[in-house]
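Straight from TrEMBL, the features:
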type	residues	note
TRANSMEM	33-52	transmembrane segment
TRANSMEM	72-92	transmembrane segment
TRANSMEM	165-190	transmembrane segment
TRANSMEM	202-221	transmembrane segment
TRANSMEM	242-259	transmembrane segment
TRANSMEM	279-297	transmembrane segment
TRANSMEM	329-353	transmembrane segment
TRANSMEM	359-378	transmembrane segment
TRANSMEM	390-414	transmembrane segment
TRANSMEM	420-437	transmembrane segment
DOMAIN	475-534	domain 'CBS'
DOMAIN	540-596	domain 'CBS'
Amino acid sequence: MKNNAVDQTKRQAIKWYQVMIDFLHAKMSRVQYIIFSAVVVGVVSGLMAVLLKTAVHEVHSWVESFNDRRLFFLLLPAAGLLLTTFVIHRFFKGHIEKGIAMVLKSIARRSAYIPTRNNYIHFITSALTVGFGGSAGLEAPIVATGSSLGSTMARLGKLSYAERMLMICCGAAAGIAAVYNAPIAGVIFSIEVLLVDTMVSYFVPLIIAAVIGVLCSKVLVGDAHLFNFVLKQNFNYYNVPFYVLLGIGAGFLCLYYARAFGKVDKSIHHWKMGPYSKALVGGGLLALCFLVFAPLYGEGYASITRLADGTPAEILPAVSWADKIPYDLLLLGFTGMVLLMKPVAAAITIGSGGNGGNFAPSLFVGAFWGFFFSRLMNVTGWVELPEGNFTLVGMAGVLSGVMYCPLTAIFLIAEITNGYGLFIPLMIVSSIAYFIVKQFEPYYMETKALALGGQIFTHKKEHNILSSIHVSDLMKTGEKVLQLNDRFEQLLALIRNADANNFAVVNDKKELKGVIDLNDVRSLLAEPEQHLQTPVQQYMRQPETIIEEGQPMVVVMEQFDKSQAAYLPVVNENNIFIGFVYKSALFQQYRAQLAVQRDIYEE
């Protein structure tokens with residue numbers, strides 16, 4: 001009886017919701033409904049971002065209130081990873097797709113439908129991971145949460161694929177904007193990273209969502225937890241050569257970041273132990289890192305603030321032997337080691353079962369690099385560089401090279417410094433770092449495998465359209481096949497009864513052995529009686545190439561181009577024949593996908 005009552009309540013709620021959606025669609029134009037959806041997505045995503053940041057901040061404040069914090073450095077990271085692992089395995093069947101890669105894959109391979117559980121799973125798990133000291137960022141979980149909320153809103157509102165993709169980007173823009181009080185950076189991040197094929201009209205909903213996200217942050221927390229700085233020194237064009245050197249160093253540092261993170265994460269993945277043991281060991285390794293390099297704890301924004309504000313002494317270890325080392329040598333050595341260890345700590349956090357991203361760690365590494373470089377130059381006595389400015393500009397350089405988002409990096413730092421006084425050095429450093437990274441590694445480290453496999457969209461429009469098409473959408477199944485021991489009379493019967501010009505030849509296990517094309521036997525149809533007992537193997541030929549089920553359409557198109565074939569057979573992983581894919585059907589679907597892409601103002 002109780003279950004029936006619950007089911008009836010759900011049905012009633014769904015009914016009233018559908019009535020409300022139908023009412024809104026009836027009273028609003030398509031454009032008005034999209035703008036309305038952007039407002040709702042902006043509010044919800046902004047609130048979730050602010051709540052997540054506030055929750056983590058409160059946990060950190062609680063830890064700071066204790067006199068002996070070293071004990072917490074030992075216990076909290078492992079506790080956070082264990083709790084995260086427990087939540088994932090207890091409530092989400094041990095599986096979670098993390099961060100930006102999940103969003104990009106959903107856009108390309110799932111028609112912009114993101115599973116509803118992503119509305120809250122990243123919020124919970126990242127709060128546990130980072131709140132308890134995990135050395136990762138909250139921005140990727142915030143983007144994943146906001147994008148999922150946007151996808152849910154679009155699905156419930158019965159929006160089209162392009163509109164669902166737009167709502168996903170609205171959620172991401174609102175989340176980034178709320179966290180940094182940077183609406184322009186939020187919009188550009190969505191366009192630069194998620195919405196690789198955009199139109200000018202998309203800017204309006206994105207801007208609205210981002211502004212709403214910032215307003216949520218302002219109303220709820222004011223400027224208390226916002227990440228912002230005030231420039232103490234203006235840009236001096238005499239320092240341009242040093243900004244160029246900073247950008248070059250940032251580019252190679254980004255390559256180190258990607259290599260170090262990837263190797264550590266891969267090695268942890270191959271640990272032969274259960275998830276809880278892995279979380280415990282990972283937590284222990286983090287504890288050791290934090291004991292030696294305390295700034296690695298958590299997101300690290302407090303350390304960035306101290307470097308930019310000119311109080312770097314506060315990040316140094318409070319140990320007796322530190323007084324025996326010259327201050328500048330200690331400071332340079334410590335900051336240099338910290339910036340090299342940050343990607344390692346981030347990889348341990350995420351690889352051991354935690355949930356977080358590389359956005360904040362890349363800002364952290366960039367800040368320490370900018371400070372390290374400027375302090376090193378100043379120690380030589382040859383020049384006097386503004387260390388605060390170089391700290392901020394270094395953040396943009398490493399962020400652009402690690403996350404592959406140079407425009408986002410430029411505008412983010414410009415907005416958090418409340419002006420554009422550093423705009424020129426930001427552009428110099430970000431562009432140089434990004435250029436260097438792209439020369440060695442074309443793809444972002446977390447999405448490289450997906451991009452090469454055609455699983456996500458890139459900035460190649462034709463590849464994006466092909467990636468949205470699946471082999472199963474084009475494959476002609478249920479076709480009649482010939483057995484290896486069949487004779488020409490069976491082939492003749494198929495030609496007369498089947499509406500096809502090509503046939504597959506299989507063995508007893510239904511494994512593909514060859515194909516027969518109607519053009520190859522057309523001359524025999526004039527006098528078929530002379531060939532009725534001839535084995536079909538005599539007319540069989542090997543196909544130019546074979547398509548595997550689930551193969552990316554980009555690869556399929558390459559196979560068509562190389563073979564110049566009009567059709568190709570499709571098999572599964574066991575070489576069992578499934579059907580044929582025709583080039584004409586592929587081109588027809590390609591044109592249909594092009595026609596779907598339209599401006600939101602086109603009714």
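Placed from the backbone N, Cα and C atoms, the Cβ positions cover glycine too.
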Q | the transmembrane segment (420-437) and the transmembrane segment (242-259) contact flag, 3+ Cβ pairs under 8 angstroms | A | yes
Q: Can you tell me which of 33-52, 242-259, 329-353, 359-378, 390-414 gets the most C-beta pairs within less than 8 Å of the transmembrane segment (202-221)?
A: 33-52
Q | Other parts of the chain folded back onto the transmembrane segment (279-297), taken as Cβ under 8 Å at six or more residues beyond its ends | A | 70, 73-75, 77-82, 84-85, 133-135, 268, 271, 273, 303, 315, 317, 334, 337-338, 341-342, 344-345, 348-349, 351-354
Q) At an 8 Å Cβ cut-off, counting only pairs 6 or more apart in sequence, do the transmembrane segment (33-52) and the transmembrane segment (165-190) clear the bar of 3 or more pairs? A) yes
Q) Looking at the transmembrane segment (72-92) and the transmembrane segment (390-414), are there 3+ C-beta pairs under 8 A, with each pair at least 6 apart in sequence? A) no
Q | Residues of the parent chain within Cβ reach of the transmembrane segment (329-353), under 8 Å, 6 or more residues beyond its termini | A | 77, 81, 84-85, 88, 98, 129, 134-137, 253, 256-257, 260-265, 268-269, 275, 278-279, 281-283, 285-286, 289, 293, 295-296, 300, 303, 307, 312-313, 315-317, 322, 361, 364-365, 368-369, 371-372, 375-376, 379
Q | Same-chain residues near the transmembrane segment (359-378), Cβ under 8 Å, at least 6 residues beyond its ends | A | 135-140, 242, 245-246, 249-250, 253-254, 257, 299-301, 303-304, 307-308, 312, 328, 331-332, 335-336, 338-339, 342-343, 345-346, 384-387, 389-399, 401-403
**Q.** Three-state composition of the domain 'CBS' (540-596), taking helix and strand from DSSP
**A.** 25 helix, 15 strand, 17 coil
